[in-house]
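Visitor: The structure's right below; bear with me while I get my questions together.
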Amino acid sequence: MTSQASAPKIPQLWVPLPSGIHPSWREIDQGSAAWLDRFGLYSDHAQRERLTRISVGEITGRGGPDGRLAALQWTADFLMWLFAFDDEYCDEGPAAASPDATLLIITKLQRIVEVPWAAPADDNYSAALLELRLRLDDLTTPVQTARWAASFRAYLQGQIWMAANSTYGRIPTLSDHLAVRLDSSGVKIFSTLSEIIHGYDLPAADYDRHDVRGFVEVFAAIIGWSNDLVSYHKERRRSQDSYGNVVDLIAHERQCSVEEAVSETATMHTRAMALYLRLRDQILRDAEPELRKWITDCDSWIRADYDWSLTTHRYVNPDDPADLPVGSAEAPFRAREADQPLPIASVSWWWTLLKD
(Lines of atoms letter the chains of each structure in order from A and count residues from 1; the text may use other names and numbers.)
(Lines give C-alpha, C1' and ligand atoms only; values in the text may rest on other atoms or scores of the structure.)
Protein backbone atom coordinates (compact mmCIF):
# COMPACT_ATOMS: atom_id res chain seq x y z
CA MET A 1 0.00 0.00 0.00
CA THR A 2 1.19 3.52 -0.68
CA SER A 3 2.80 5.41 2.19
CA GLN A 4 5.12 8.27 2.94
CA ALA A 5 8.16 6.02 3.52
CA SER A 6 11.13 6.55 1.26
CA ALA A 7 10.72 4.91 -2.11
CA PRO A 8 13.05 2.07 -3.14
CA LYS A 9 15.77 2.28 -5.75
CA ILE A 10 14.48 1.23 -9.17
CA PRO A 11 16.86 -0.94 -11.23
CA GLN A 12 17.69 -0.43 -14.88
CA LEU A 13 15.24 -2.29 -17.08
CA TRP A 14 16.17 -4.23 -20.19
CA VAL A 15 14.61 -2.58 -23.25
CA PRO A 16 16.68 -3.73 -26.28
CA LEU A 17 14.68 -1.76 -28.86
CA PRO A 18 15.68 1.22 -31.04
CA SER A 19 15.11 4.79 -29.89
CA GLY A 20 14.08 7.76 -32.05
CA ILE A 21 12.13 11.01 -31.88
CA HIS A 22 10.21 13.28 -34.25
CA PRO A 23 12.04 16.56 -34.98
CA SER A 24 8.92 18.62 -34.18
CA TRP A 25 8.26 17.14 -30.75
CA ARG A 26 8.84 20.45 -28.92
CA GLU A 27 6.29 22.25 -31.08
CA ILE A 28 3.86 19.39 -30.49
CA ASP A 29 4.41 19.74 -26.75
CA GLN A 30 3.71 23.48 -26.87
CA GLY A 31 0.55 22.82 -28.86
CA SER A 32 -0.71 20.40 -26.21
CA ALA A 33 -0.05 22.91 -23.43
CA ALA A 34 -2.19 25.44 -25.30
CA TRP A 35 -4.88 22.79 -25.82
CA LEU A 36 -4.83 22.02 -22.07
CA ASP A 37 -5.39 25.71 -21.31
CA ARG A 38 -8.21 25.91 -23.83
CA PHE A 39 -10.24 23.38 -21.84
CA GLY A 40 -8.86 24.10 -18.36
CA LEU A 41 -8.19 20.47 -17.46
CA TYR A 42 -6.67 21.29 -14.08
CA SER A 43 -7.88 22.32 -10.65
CA ASP A 44 -5.29 24.99 -9.92
CA HIS A 45 -2.06 26.57 -11.14
CA ALA A 46 0.09 23.92 -9.45
CA GLN A 47 -1.71 21.13 -11.28
CA ARG A 48 -1.38 23.00 -14.56
CA GLU A 49 2.37 23.25 -14.01
CA ARG A 50 2.61 19.53 -13.30
CA LEU A 51 0.72 18.66 -16.47
CA THR A 52 2.59 21.03 -18.79
CA ARG A 53 5.93 19.68 -17.51
CA ILE A 54 5.03 16.07 -18.34
CA SER A 55 6.31 16.55 -21.91
CA VAL A 56 3.59 14.75 -23.84
CA GLY A 57 5.22 16.01 -27.01
CA GLU A 58 8.31 13.97 -26.22
CA ILE A 59 6.59 10.64 -25.62
CA THR A 60 4.44 11.20 -28.70
CA GLY A 61 7.46 12.13 -30.83
CA ARG A 62 9.30 9.04 -29.59
CA GLY A 63 6.31 6.80 -30.25
CA GLY A 64 5.92 8.10 -33.82
CA PRO A 65 9.32 9.42 -34.92
CA ASP A 66 8.26 9.54 -38.58
CA GLY A 67 4.54 10.14 -38.09
CA ARG A 68 2.15 12.66 -39.65
CA LEU A 69 2.31 15.98 -37.82
CA ALA A 70 -1.45 16.56 -37.44
CA ALA A 71 -1.94 13.01 -36.16
CA LEU A 72 0.96 13.40 -33.74
CA GLN A 73 -0.59 16.61 -32.38
CA TRP A 74 -3.90 14.82 -31.90
CA THR A 75 -2.10 11.98 -30.10
CA ALA A 76 -0.25 14.36 -27.78
CA ASP A 77 -3.49 16.18 -26.96
CA PHE A 78 -5.20 12.86 -26.25
CA LEU A 79 -2.36 11.78 -23.96
CA MET A 80 -2.62 15.12 -22.16
CA TRP A 81 -6.32 14.39 -21.63
CA LEU A 82 -5.47 10.93 -20.26
CA PHE A 83 -2.89 12.26 -17.80
CA ALA A 84 -5.22 15.02 -16.58
CA PHE A 85 -8.17 12.61 -16.26
CA ASP A 86 -6.00 10.03 -14.51
CA ASP A 87 -4.95 12.55 -11.87
CA GLU A 88 -8.39 14.08 -11.38
CA TYR A 89 -10.60 10.99 -11.48
CA CYS A 90 -8.44 7.87 -11.15
CA ASP A 91 -5.57 8.54 -8.74
CA GLU A 92 -5.93 11.69 -6.71
CA GLY A 93 -9.34 13.36 -7.04
CA PRO A 94 -12.47 12.63 -4.97
CA ALA A 95 -13.91 10.32 -7.64
CA ALA A 96 -10.89 8.02 -7.38
CA ALA A 97 -12.43 6.27 -4.36
CA SER A 98 -16.06 6.47 -5.50
CA PRO A 99 -17.32 3.89 -8.00
CA ASP A 100 -20.63 5.77 -8.27
CA ALA A 101 -18.94 9.04 -9.26
CA THR A 102 -16.59 7.17 -11.58
CA LEU A 103 -19.48 5.35 -13.25
CA LEU A 104 -21.36 8.61 -13.86
CA ILE A 105 -18.48 10.34 -15.64
CA ILE A 106 -17.52 7.20 -17.57
CA THR A 107 -21.06 6.68 -18.87
CA LYS A 108 -20.97 10.21 -20.28
CA LEU A 109 -17.49 9.78 -21.79
CA GLN A 110 -18.38 6.49 -23.46
CA ARG A 111 -21.35 8.14 -25.14
CA ILE A 112 -19.07 10.84 -26.52
CA VAL A 113 -16.77 8.20 -27.99
CA GLU A 114 -19.65 6.32 -29.62
CA VAL A 115 -21.85 9.15 -30.96
CA PRO A 116 -20.01 12.47 -30.59
CA TRP A 117 -22.52 14.31 -32.77
CA ALA A 118 -25.31 13.63 -30.25
CA ALA A 119 -23.55 13.37 -26.88
CA PRO A 120 -23.77 16.00 -24.11
CA ALA A 121 -20.53 17.70 -23.11
CA ASP A 122 -21.32 19.83 -20.07
CA ASP A 123 -17.99 19.73 -18.23
CA ASN A 124 -14.36 20.38 -19.14
CA TYR A 125 -13.34 16.75 -19.60
CA SER A 126 -16.38 15.89 -21.70
CA ALA A 127 -15.91 18.97 -23.87
CA ALA A 128 -12.23 18.19 -24.40
CA LEU A 129 -12.93 14.56 -25.28
CA LEU A 130 -15.67 15.62 -27.68
CA GLU A 131 -13.25 17.90 -29.49
CA LEU A 132 -10.72 15.07 -29.72
CA ARG A 133 -13.30 12.61 -30.98
CA LEU A 134 -14.53 14.97 -33.71
CA ARG A 135 -10.98 15.76 -34.80
CA LEU A 136 -10.25 12.06 -35.02
CA ASP A 137 -12.79 11.59 -37.81
CA ASP A 138 -10.79 13.99 -39.98
CA LEU A 139 -7.57 12.01 -39.44
CA THR A 140 -8.58 8.38 -39.57
CA THR A 141 -10.50 5.64 -41.30
CA PRO A 142 -13.56 4.08 -39.59
CA VAL A 143 -11.43 1.02 -38.80
CA GLN A 144 -8.80 3.08 -36.98
CA THR A 145 -11.43 5.00 -35.04
CA ALA A 146 -13.27 1.83 -34.01
CA ARG A 147 -10.09 0.20 -32.69
CA TRP A 148 -9.11 3.29 -30.73
CA ALA A 149 -12.65 3.60 -29.34
CA ALA A 150 -12.75 -0.04 -28.22
CA SER A 151 -9.45 0.22 -26.35
CA PHE A 152 -10.45 3.55 -24.81
CA ARG A 153 -13.79 2.16 -23.59
CA ALA A 154 -11.94 -0.77 -21.99
CA TYR A 155 -9.68 1.74 -20.21
CA LEU A 156 -12.70 3.64 -18.88
CA GLN A 157 -14.46 0.50 -17.67
CA GLY A 158 -11.33 -0.56 -15.81
CA GLN A 159 -11.51 2.61 -13.72
CA ILE A 160 -14.78 1.41 -12.16
CA TRP A 161 -13.06 -1.78 -10.98
CA MET A 162 -10.17 0.25 -9.53
CA ALA A 163 -12.51 2.68 -7.76
CA ALA A 164 -14.59 -0.15 -6.30
CA ASN A 165 -11.49 -1.83 -4.90
CA SER A 166 -10.45 1.42 -3.26
CA THR A 167 -13.92 2.16 -1.84
CA TYR A 168 -14.48 -1.24 -0.28
CA GLY A 169 -10.89 -1.89 0.75
CA ARG A 170 -10.78 -4.88 -1.55
CA ILE A 171 -7.33 -6.22 -2.37
CA PRO A 172 -7.37 -8.13 -5.68
CA THR A 173 -5.18 -11.11 -6.37
CA LEU A 174 -2.06 -10.38 -8.37
CA SER A 175 -3.45 -12.48 -11.23
CA ASP A 176 -6.73 -10.55 -11.36
CA HIS A 177 -4.94 -7.22 -11.10
CA LEU A 178 -2.58 -8.00 -13.98
CA ALA A 179 -5.49 -9.00 -16.21
CA VAL A 180 -7.57 -5.88 -15.54
CA ARG A 181 -4.61 -3.50 -15.65
CA LEU A 182 -3.88 -4.49 -19.24
CA ASP A 183 -6.86 -2.28 -20.07
CA SER A 184 -7.28 0.01 -17.06
CA SER A 185 -3.70 1.29 -17.35
CA GLY A 186 -4.56 2.74 -20.77
CA VAL A 187 -1.45 1.17 -22.28
CA LYS A 188 -3.32 -1.03 -24.75
CA ILE A 189 -4.49 2.18 -26.41
CA PHE A 190 -0.89 2.73 -27.57
CA SER A 191 -1.23 -0.31 -29.83
CA THR A 192 -4.02 1.48 -31.73
CA LEU A 193 -2.29 4.85 -32.06
CA SER A 194 0.28 3.83 -34.66
CA GLU A 195 -2.35 3.29 -37.36
CA ILE A 196 -3.67 6.79 -36.61
CA ILE A 197 -0.22 8.39 -36.58
CA HIS A 198 0.99 6.74 -39.79
CA GLY A 199 -2.28 6.40 -41.70
CA TYR A 200 -2.53 2.67 -42.41
CA ASP A 201 -5.07 -0.05 -41.53
CA LEU A 202 -3.85 -3.30 -40.06
CA PRO A 203 -6.04 -5.95 -41.77
CA ALA A 204 -8.63 -7.58 -39.51
CA ALA A 205 -7.22 -10.99 -40.40
CA ASP A 206 -3.99 -9.91 -38.72
CA TYR A 207 -5.43 -7.75 -35.94
CA ASP A 208 -7.68 -10.55 -34.65
CA ARG A 209 -5.12 -13.35 -34.83
CA HIS A 210 -4.70 -15.29 -31.59
CA ASP A 211 -0.96 -14.67 -31.46
CA VAL A 212 -1.32 -10.96 -32.26
CA ARG A 213 -3.91 -10.54 -29.49
CA GLY A 214 -1.46 -12.18 -27.10
CA PHE A 215 1.35 -10.02 -28.44
CA VAL A 216 -0.72 -6.91 -27.59
CA GLU A 217 -1.13 -8.14 -24.02
CA VAL A 218 2.62 -8.70 -23.65
CA PHE A 219 3.23 -5.25 -25.16
CA ALA A 220 0.84 -3.66 -22.65
CA ALA A 221 2.33 -5.56 -19.73
CA ILE A 222 5.88 -4.46 -20.53
CA ILE A 223 4.91 -0.79 -20.56
CA GLY A 224 2.53 -1.12 -17.61
CA TRP A 225 5.02 -2.87 -15.34
CA SER A 226 7.76 -0.44 -16.28
CA ASN A 227 5.40 2.43 -15.42
CA ASP A 228 4.51 0.84 -12.08
CA LEU A 229 8.18 0.78 -11.16
CA VAL A 230 9.07 4.26 -12.37
CA SER A 231 5.91 5.89 -10.99
CA TYR A 232 6.11 4.20 -7.58
CA HIS A 233 7.70 7.20 -5.87
CA LYS A 234 5.03 9.58 -7.23
CA GLU A 235 2.16 7.30 -6.30
CA ARG A 236 3.39 6.91 -2.73
CA ARG A 237 3.09 10.64 -2.26
CA ARG A 238 0.16 11.77 -4.35
CA SER A 239 -2.33 8.95 -4.95
CA GLN A 240 -5.19 7.54 -2.91
CA ASP A 241 -4.20 4.65 -0.64
CA SER A 242 -4.90 1.50 -2.65
CA TYR A 243 -3.29 -1.59 -4.12
CA GLY A 244 -3.26 -0.19 -7.64
CA ASN A 245 0.45 -0.76 -8.23
CA VAL A 246 1.90 -4.19 -8.98
CA VAL A 247 4.77 -3.57 -6.53
CA ASP A 248 2.40 -3.14 -3.58
CA LEU A 249 0.34 -6.16 -4.62
CA ILE A 250 3.40 -8.39 -4.85
CA ALA A 251 4.59 -7.18 -1.44
CA HIS A 252 1.17 -7.98 0.03
CA GLU A 253 0.62 -11.33 -1.67
CA ARG A 254 4.15 -12.62 -1.15
CA GLN A 255 4.46 -11.03 2.31
CA CYS A 256 7.81 -9.57 1.30
CA SER A 257 9.52 -6.18 1.51
CA VAL A 258 8.93 -3.42 -1.03
CA GLU A 259 12.53 -3.83 -2.19
CA GLU A 260 11.94 -7.53 -2.85
CA ALA A 261 8.70 -6.70 -4.67
CA VAL A 262 10.56 -4.20 -6.87
CA SER A 263 13.06 -6.91 -7.75
CA GLU A 264 10.28 -9.36 -8.61
CA THR A 265 8.52 -6.75 -10.77
CA ALA A 266 11.76 -6.12 -12.65
CA THR A 267 12.10 -9.88 -13.17
CA MET A 268 8.55 -10.04 -14.53
CA HIS A 269 9.40 -7.19 -16.91
CA THR A 270 12.48 -9.04 -18.15
CA ARG A 271 10.56 -12.27 -18.76
CA ALA A 272 7.85 -10.38 -20.64
CA MET A 273 10.46 -8.57 -22.75
CA ALA A 274 12.21 -11.84 -23.61
CA LEU A 275 8.86 -13.31 -24.65
CA TYR A 276 7.99 -10.18 -26.64
CA LEU A 277 11.17 -10.50 -28.70
CA ARG A 278 10.52 -14.17 -29.44
CA LEU A 279 6.87 -13.59 -30.37
CA ARG A 280 7.89 -10.58 -32.44
CA ASP A 281 10.32 -12.62 -34.52
CA GLN A 282 7.81 -15.45 -34.85
CA ILE A 283 5.05 -13.15 -36.15
CA LEU A 284 7.41 -11.32 -38.50
CA ARG A 285 8.36 -14.52 -40.34
CA ASP A 286 5.23 -14.43 -42.50
CA ALA A 287 4.04 -10.86 -41.89
CA GLU A 288 2.62 -8.69 -44.66
CA PRO A 289 3.82 -5.04 -44.88
CA GLU A 290 1.07 -3.56 -42.65
CA LEU A 291 1.65 -6.09 -39.87
CA ARG A 292 5.40 -5.65 -40.17
CA LYS A 293 4.99 -1.88 -39.86
CA TRP A 294 2.66 -2.25 -36.87
CA ILE A 295 5.12 -4.52 -35.05
CA THR A 296 7.90 -1.99 -35.61
CA ASP A 297 5.63 0.74 -34.26
CA CYS A 298 4.98 -1.33 -31.13
CA ASP A 299 8.76 -1.47 -30.65
CA SER A 300 8.86 2.32 -30.84
CA TRP A 301 6.15 2.75 -28.20
CA ILE A 302 7.84 0.44 -25.70
CA ARG A 303 11.14 2.26 -26.03
CA ALA A 304 9.41 5.65 -26.17
CA ASP A 305 7.61 5.11 -22.89
CA TYR A 306 10.73 3.88 -21.12
CA ASP A 307 13.04 6.67 -22.32
CA TRP A 308 10.43 9.33 -21.60
CA SER A 309 9.55 7.96 -18.16
CA LEU A 310 13.13 8.32 -16.90
CA THR A 311 13.22 12.07 -17.56
CA THR A 312 9.63 13.36 -17.45
CA HIS A 313 8.75 15.67 -14.58
CA ARG A 314 5.73 13.46 -13.93
CA TYR A 315 8.07 11.01 -12.23
CA VAL A 316 11.36 12.92 -11.91
CA ASN A 317 10.29 15.80 -9.68
CA PRO A 318 13.29 18.04 -8.86
CA ASP A 319 11.59 19.07 -5.61
CA ASP A 320 11.08 15.45 -4.54
CA PRO A 321 13.37 13.33 -6.74
CA ALA A 322 12.85 9.62 -7.26
CA ASP A 323 15.77 7.17 -7.33
CA LEU A 324 15.44 6.18 -10.98
CA PRO A 325 17.93 4.48 -13.30
CA VAL A 326 19.66 6.03 -16.30
CA GLY A 327 19.11 4.34 -19.66
CA SER A 328 18.34 0.76 -20.57
CA ALA A 329 20.22 -2.21 -19.13
CA GLU A 330 22.60 -3.96 -21.52
CA ALA A 331 21.53 -7.40 -20.33
CA PRO A 332 18.34 -8.90 -18.87
CA PHE A 333 17.64 -8.46 -15.16
CA ARG A 334 18.36 -11.89 -13.65
CA ALA A 335 19.33 -13.16 -17.09
CA ARG A 336 19.16 -16.86 -16.18
CA GLU A 337 15.42 -16.52 -15.54
CA ALA A 338 14.62 -14.46 -18.65
CA ASP A 339 13.03 -17.24 -20.71
CA GLN A 340 10.99 -18.78 -17.91
CA PRO A 341 7.18 -18.39 -18.08
CA LEU A 342 5.52 -16.47 -15.28
CA PRO A 343 3.54 -18.77 -12.93
CA ILE A 344 0.57 -16.37 -12.83
CA ALA A 345 -2.74 -17.74 -14.11
CA SER A 346 -3.95 -14.71 -16.07
CA VAL A 347 -0.74 -14.25 -18.06
CA SER A 348 0.95 -17.67 -18.23
CA TRP A 349 -0.95 -18.44 -21.46
CA TRP A 350 1.25 -15.98 -23.35
CA TRP A 351 4.07 -18.54 -23.44
CA THR A 352 1.81 -21.12 -25.12
CA LEU A 353 1.90 -18.90 -28.22
CA LEU A 354 5.53 -19.84 -28.88
CA LYS A 355 5.94 -22.41 -31.61
CA ASP A 356 9.56 -23.23 -30.86
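Even glycines carry a Cβ here, placed using N, Cα and C.
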Visitor: Between the candidate ranges 86-91, 260-265, 296-301, 308-313, where does Swiss-Prot place the motif 'DDXXXD motif' annotation?
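Guide: Spelled out, Swiss-Prot records motif 'DDXXXD motif' over residues 86-91, not the other listed ranges.
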Visitor: Given that Swiss-Prot annotates Arg181, Arg314, Tyr315 as substrate-binding, name the residue from Lys9, Lys108, Lys234 that shares the site.
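Guide: Candidate listed by Swiss-Prot for the same site: Lys234.
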Visitor: Do me a favour and check the Cα-Cα span between Glu235 (Mg(2+) 3 binding site) and Tyr315 (substrate binding site); whole Å is fine.
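Guide: For Glu235 (Mg(2+) 3 binding site) versus Tyr315 (substrate binding site), the Cα atoms are 9 Å apart.
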Visitor: Between Asp86 (Mg(2+) 1 binding site) and Lys234 (substrate binding site), what C-alpha distance do you get in Å?
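Guide: Given the Cα positions, Asp86 (Mg(2+) 1 binding site) is 13 Å from Lys234 (substrate binding site).
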Visitor: Return the count of C-beta atoms lying within 10 angstroms of the C-beta of Arg314 (substrate binding site), excluding that atom itself.
Guide: 20
Visitor: Considering each pair of residues in Arg181, Lys234, Arg314, Tyr315, all listed as binding substrate, report the largest CA to CA distance in Å, no decimals.
Guide: 20
Visitor: Applying the rule Cβ within 8 Å of the centroid of the Cβ atoms of Asn227, Ser231, Glu235, what extra residues of the same chain belong around the Mg(2+) 3 site?
Guide: Asp228, Leu229, Val230, Tyr232, Lys234, Asn245, Tyr315
